[in-house]
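As written in TrEMBL, here are the features:
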{"type": "SITE", "residues": "Arg16", "note": "site 'Transition state stabilizer'"}
{"type": "SITE", "residues": "Lys23", "note": "site 'Transition state stabilizer'"}
{"type": "SITE", "residues": "Arg155", "note": "site 'Positions MEP for the nucleophilic attack'"}
{"type": "SITE", "residues": "Lys211", "note": "site 'Positions MEP for the nucleophilic attack'"}
Amino acid sequence: MSRNGVVVVAAGKGSRMGAPESKQYLQLQGKPILVHTLEIFERTPEIEAVVLVTGSEDIGRCITYVEKYGLTKVVAVASGGEERQHSVRIGLERLPEGIEVVAVHDGVRPFVTEAKIAECLHKAHEAGGAVLAVPVKDTIKVVDDSGRIDSTPDRKSLWAVQTPQAFRLGLLRQAHELAVRDGFIGTDDAMLVERTGHSVYIVEGDYTNIKITTPDDMLLAQRLLERTQMGEDEPS
C-alpha cells in the first residue's frame, strides 16, 4: 500500500454564504464544518498525514481545533496563498517525507465517505491521477456573453467534479511548478495535471458529497448530517 497524505484547503472567505463568519467555521450541530471534514480523514485508515491550509488570521483557532478534537493526523497548519492553487502548493511542501500519493480536499466538503477516499487514492496510485465526480443530471448549455445559447454538449460525457482529487505527489508537484512557470491559474488540480499531458481518471462519487457554499447548502448539510447519524445514506 502506498503512503498517502491529504491537503485540506480552508483558506476561503465564502462571501456567497452571506454570513460574517467564514463558511468553514460555521457550526454544524455544534461543531465547525471544517472539523467534521478533518474527522473523516482522521478515521480513514489509508491516510497517514493531514496538512491543513487556512487563512493567516485563522491559524490559532485551527491549532486549537486540532488539539480539542484529537486530530492526531494533522501534521501542519499552514497559512494559505492568494489563490486556492497557491494554497495547495504551500500544503504540498508541508507534507512529511515519504508520502507517495496526495489527495487535495475542500474543507467545506464534510460528507465524503472513507470508502470513496480509499477508492480515489487507489486509482491515483494505479494511474497517477484520479478525481471523485458524479454524472451531470441537468442539460448543460454553453452561453455567449449576450446570453445566447451557443451549443449543447452531450450530457453523457459530462461529469461534475468534486474532491478529493488524488495524484502521485511528484506528478502534482510537477503540475504546480509548470503552472507557476507559465503564470497559469486553474480551477482545480486536475486541470493543472491535464496540462502536463498526463491522464486523470474519474472515480464515481456520491451526490451527497456537497460543497457547502450557500445558505441552501447549509440547510441540506444539516439534513444530511441528521440522516448520517441515523445510519441512512441518502437524503429524501
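Yeah, the Cβs are placed from backbone N, Cα and C, and that goes for glycine too.
Unlike curated records, TrEMBL annotations are generated automatically.
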Integer Cα-Cα distance in angstrom, Arg155 (site 'Positions MEP for the nucleophilic attack') to Lys211 (site 'Positions MEP for the nucleophilic attack'): 22
The one of Lys23, Arg155 whose CB sees the fewest other CB atoms within 10 Å, among these recorded sites: Arg155
C-beta crowding around Lys211 (site 'Positions MEP for the nucleophilic attack'), within 10 angstroms: 16
Cα separation, Lys23 (site 'Transition state stabilizer') to Lys211 (site 'Positions MEP for the nucleophilic attack') (Å, whole number): 10
